[in-house]
Amino acid sequence: MDLYAPILVLAVLAAGFAIFSVTIAPFTGPKRWNRAKLDAYECGIEPTPQPVGGGRFPLKYMITAMLFIVFDIEIIFLYPWAVAFDRLGVFGLVEMVLFIVTVLVAYAYVWRRKGLDWD
Amino acid sequence: MNGTIQAPTIEYALLSPMLIVFGAAIIGVLIEAFAPRYLRKSIHMPLTLLALLGAFATTILGAANGLPTSASAMGAVAVDGPALFVWGIILILAFVSVLLINDDEQFVAQAAAVPGSSDEEEAVRSGYAQTEVYPLLLFAVGGMLLFSSANDLLAMFVGLEVMSLPLYLLCGLARRRRLLSQEASVKYFLLGAFSSAFFLYGMALVYGYTGTVSLRGIGDALGAGSGQETLLLIGTAMLGVGLLFKIGAAPFQAWKPDVYQGAPTAVTALMASTVLVAAFGAVLRVFWVALGGLEWNWQPVMWGIAILTMVVGAILAITQTDIKRMLAYSSVAHAGFLLTGVIATGAAAQNAKALSAILFYLAAYGFTTVGAFAVVTMVRDAGGEAGHLSRWAGLGKRSPFLAGVFAFFLLAFAGIPLTSGFFGKYAVFAAAVSGGAVPLVVVGVVSSAIAAFFYVRVIVLMFFNDPAADGPSIAVPTVGTSAVVALAAAATVVLGVFPQPVLDLADQAASALFIR
């Protein structure tokens, strides 16, 4: 059970921080309303009103999402390797380099095929 | 916690066919990225063919060096006799299919471009032509090699996905009847993803019972026999659903006609031949190596599925009016015939007999299929390939040679003596009889007779009906297409008249069964 205590503490801390920030923000933050503030947060298309005919996504969102997943997966594999780097030794290094080169090939393909250009 | 982790041993020489194919696929992606557009195809073609040849050569070399007695890559892959035989078939069939894919006419330059329109001209001029076909094909073939030789369920799943994902894409690239092709692609993807989920869930449940994903480990744990049997049985059923979907056994055959019809015919040729080969490799491994101790439980169900598959394939094929759909249902029926071999287990000698029969059948069927679809690509009218059967009427009068070759392929599908199909069927049914599955063989023979009806109907249509005035023309075949038809016809004749060398090879490959 001791093993899980830090997780519990972290969960309590995270929840506390979230509740604290959300409650305190309306009282302390400045309120200057403008058009940009009402836009969708950060990025993406307007969720409402839906375009006529059910709405179609521009393909570039899809490509961005897929690229995100590719690099996300890369990180998933990089992380445990970084943790066990010493113990995995040369074999681990070579395998990892091979893996990253393979992902890099995909990345080069996307770049050359203009998958990174927004417009 | 701080000791170094032992580096795994990997038998690079044994695994080199896979490594060559995957390496070439990655180089193919780089070519797509950096080579100028007008050069791409002329680099891809030799690269792809060389990679497949190289992989084939290393497969032969692997077989010549004597079969290993234990699994490779820390037990993840088993390069045994059956695996090498299956690899050989897959690589040759893929090589032949590449010759067929070389025909530009079949592939769309840009998904939205209508054939012959200014849009398409524009797309071709700016070089949007789909040369990605070649690296995609190599990835798919690499996946097949892994899928058919995986010795644990995880590696098998990775192989399954690496094989399937490029195929979903390839299905959507037809130049003519693009909507049908894109529909086929989406259907195949959705159903394929669904069946993969079944496979995964089954894997999780079997892991829950046995505590391992390695096929050998599962087999051993079944012997020990403890724990929740329900988990194991449901897991087995789900693994079965995932695998049987890939071979298109009834009741999981619904995707086959749609996908075979919609995909560019060259891709259909590749899928119809190689995927069946790879999937049977995997089915045999899972049901014989891992779940062999459970055969009293899965065999009755498999009996039902085999009977259903043969009957459904043969009967639904009769009602088809499109040549590609008809061949798709015929492929369903053939999957059923092959399943009778999977059921025919027994003592080691019986297993070896059944395995060798299945291997021979796969080789014979694969070649005939590629040849038949190659002929389909050549019969064209103004709108592209003339798929509707009525358009094939009188073809024998217009071009007797081509119609004759096609008739020969159909007879081979039907299993007429002096064709490869006869020895394939004979071997599988003989194995099934000695394995005690006589009722299955009766059903198999009856469905073969039903199937012969619709094969012969097409032959009658081609030779004894008058051609329509505006009937389809025979496209002047490219060198590649003629080579494919010639090769397939030669293989069908040789395996039908002089099958002994290949039968011996299959016997040798099967003699030691699967390594565990």
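Each residue, glycine too, has its Cβ placed from N, Cα and C.
Just so you know, TrEMBL annotations never went through curation; they're auto-generated.
Database features, via TrEMBL:
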DOMAIN    B:150-450  domain 'NADH:quinone oxidoreductase/Mrp antiporter transmembrane'
TRANSMEM  B:47-64  transmembrane segment
TRANSMEM  B:84-101  transmembrane segment
TRANSMEM  B:156-174  transmembrane segment
TRANSMEM  B:186-210  transmembrane segment
TRANSMEM  B:230-255  transmembrane segment
TRANSMEM  B:267-288  transmembrane segment
TRANSMEM  B:300-319  transmembrane segment
TRANSMEM  B:326-349  transmembrane segment
TRANSMEM  B:355-379  transmembrane segment
TRANSMEM  B:400-418  transmembrane segment
TRANSMEM  B:438-464  transmembrane segment
TRANSMEM  B:476-498  transmembrane segment
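When Cβ distances are compared across the two stretches, the transmembrane segment (B:84-101) makes contact with the transmembrane segment (B:267-288), since 3 or more pairs at least 6 residues apart fall below 8 angstroms. Here the transmembrane segment (B:267-288) has Cβ contacts under 8 Å with residues 78, 82-83, 86, 89-90, 93-94, 97, 100-101, 137, 140-141, 143-145, 147-151, 153, 156, 159-160, 163, 167, 170-171, 173, 215, 239-240, 243-244, 246-248, 259-260, 295, 298, 302, 324, 327-328, 331, 334-335, 338, 342, 345, 351, 355, 358, 362, 365-367, 369-370, 373-374, 484, 513-514 of the same chain, all six or more residues outside its ends. Under 8 Å from some Cβ of the transmembrane segment (B:476-498) lie the Cβ atoms of residues 96-97, 99-100, 102-103, 269, 360, 363-364, 367-368, 370-372, 374-375, 377-378, 402, 405, 408-409, 412, 417-424, all in the same chain and six or more residues away from its ends.
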